[in-house]
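For reference, the structure is listed below as C-alpha cells.
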Amino acid sequence: MNDMNAKKPALRVAIVGGGISGLALALSLCKHSHLNVQLFEAAPAFGEVGAGVSFGPNAVRAIVGLGLGQAYFQVADRTPQPWEDIWFEWRRGSDASYLGATIAGVGQSSVHRADFLDALVKHLPEGIAQFRKRATQIEQQGDELQVLFRDGTEYRCDLLIGRDGIKSALRSYVLEGQGQDHLEPRFSGTCAYRGMVDSLQLREAYRINGIDEHLVDVPQMYLGLYGHILTFPVRKGRIVNVVAFTSDRSQPEPTWPADAPWVREASQREMLDAFAGWGDARALLECIPAPTLWALHDLPELPGYVHGRVALIGDAAHAMLPHQGAGAGQGLEDAYFLARLLGDSRTETGNLPELLGAYDDLRRPHACRVQRTTVETGELYELRDPIVGADEQLVGEILATRFDWLWNHDLDADVAEARLRMGWEAHEQIALRQG
C-alpha cells in the first residue's frame with residue numbers, strides 16, 4: 001500500500017479522573033475510530049462524593065449534546081407542574097416568607113450524583129477504564145507524553161486531559177510549565193451541613209408545623225444573614241436534598257486547619273445551633289439526625305488551563321463554590337467543547353496545540369466568570385452584597401434574572417469559533433447558524 005494512503009494511527013487520549021465530566025468525555029470520545037481513549041481513575045471503582053447535584057439549562061444542553069440525554073433523564077428530577085419553569089423559590093430564612101422566584105424556563109433539573117454516574121458507567125465499553133491509577137508525574141518527550149502512576153506503571157499518549165479534582169496533581173504540571181506558582185485550594189469561610197430527607201417524613205413534619213407542603217415539591221432557598229438553606233428533590237421526588245450553608249466573615253482571608261478533614265460527621269444539635277432563629281426552616285433541619293459538615297473550598301482563577309499537550313477540565317481547572325449550581329455544569333461544558341473538536345476526524349497530533357489553544361482561549365474566560373460570580377452570588381444570598389445588603393425586595397428582583405447569562409451561554413458558538421480557528425468552518429457557515 002502507498003504510504004500516502006496508509007491509515008494514520010489512532011490518537012491516544014488519556015483522561016485522568018473518572019467523575020461525571022471525565023466519564024462523559026470518555027463516553028463521547030470512545031465512539032470515534034480515530035481516537036484511542038483510556039480513562040484512569042485513582043479509586044478502586046467509580047464513585048461520586050456528595051449527594052444531590054443541580055444542573056442549569058446550559059449543563060443539560062451539554063449532557064444532551066454529549067449523547068447522554070437518555071441516561072440522564074432516566075434518573076433526573078424535574079420541577080413538577082404547575083411549577084415546572086421554576087429553578088428556585090426564594091424565601092426569608094426567619095419565617096419562610098416568599099421573596100420571589102427564578103424562572104429558568106425549563107425548571108430545576110437535579111439528580112443524585114451516584115445515580116447519574118451509575119447510569120453513565122453502564123454505557124462505557126470494556127477496556128476503557130483502569131482503576132487504582134493515581135498520576136504522579138508527567139514527562140513530555142517530543143510529541144509524546146509519558147504518564148507515571150503511583151503503582152509504578154506508565155502510559156504513553158498524545159494528549160492528556162486532567163480531570164483529577166480540586167486537589168489535582170496535574171495542575172502543578174500545567175502551572176509550572178507556564179512559569180506560574182502552584183495554586184492551592186482556598187477555604188471560603190463557608191461550611192455546609194448536608195443531609196437527605198425522605199419526602200414523606202418531611203411532609204409529615206410540615207403538616208405538624210403548619211407549613212405548606214408545596215415547599216417539599218418545589219426547590220427552595222431560604223436566605224438569611226451569614227447563612228442560607230437550599231432544598232430540591234432527587235430520586236424521582238422520594239428524597240429531598242438539603243444543604244444548609246453558614247459563613248464566618250470574621251477573617252478577611254479565612255483558613256481551614258491543615259490537619260482537619262474537609263468533610264466530617266456533625267451532630268444535629270451543632271447544625272440547629274448554627275441556625276437558631278430560622279423559624280420554619282428548622283423543621284426541615286430537624287429531619288436530619290446525622291448531617292455531614294463540608295468545608296467549602298475553591299480555586300483562584302488560573303492563568304491557563306493548558307501546557308503542551310496537557311489540558312485541565314472540571315474542578316482541576318476551575319473548582320468553584322456551589323452557589324450558582326454551576327460547578328458540575330462547567331465541567332460538562334468543558335467535556336462538550338473538547339468532544340466536539342477531538343471527535344472531528346481531522347484532529348491529529350500535529351494540530352493538537354492549536355486545538356488546545358482554542359480550548360484555553362474560549363473556555364477559560366467564561367469559566368473564570370462563573371467562578372467569580374459564584375462568590376458574589378453567595379454574598380447576595382446571605383445579605384452581604386455591598387450594594388444590595390439586606391434589601392430583600394431587591395434581592396428577589398435581582399435573583400429573578402441573575403443567572404440568565406449563565407444559562408443562555410451559546411457553547412456551540414464557542415465551538416464554531418474554535419472550528420474556524422482550526423480552518424474547519426468558514427465565516428459564512430457561522431453567520432448562517434447565528435442568523
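Any Cβ shown, glycine's included, is placed from N, Cα and C.
Features of the protein shown, as given by Swiss-Prot:
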type	residues	note
BINDING	12-41	FAD binding site
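Counting Cβ atoms from all protein chains shown, PHE40 (FAD binding site) has 24 others lying within 10 Å of its own Cβ. Note: SER28 (FAD binding site) has non-local neighbours LEU66, GLY67, LEU68, ALA335, TYR336, ALA339, GLY343, i.e. same-chain residues 6+ apart with C-beta under 8 A of its own C-beta. In sequence order, LEU342, GLY343, SER345 make up the list of same-chain residues 6 or more apart from HIS32 (FAD binding site) whose Cβ falls under 8 Å from its Cβ. Under the three-state DSSP scheme, ILE20 (FAD binding site) falls in the helix class.
Listed in sequence order, the residues of the same chain lying 6 or more apart from ALA24 (FAD binding site) and placing their CB within less than 8 Å of its CB are ILE63, LEU66, LEU68, LEU120, LEU332, ALA335. The Cβ of VAL16 (FAD binding site) has GLY22, PHE40, LYS133, ALA135, VAL147, LEU160, ILE161, GLY162, ARG163, ASP164, LEU170 as same-chain neighbours under 8 Å, each 6 or more residues away in sequence. Long-range Cβ proximity for ASN36 (FAD binding site), meaning a same-chain Cβ under 8 A and a gap of 6 or more residues, is found for ALA10, LEU11, ARG12, VAL13.
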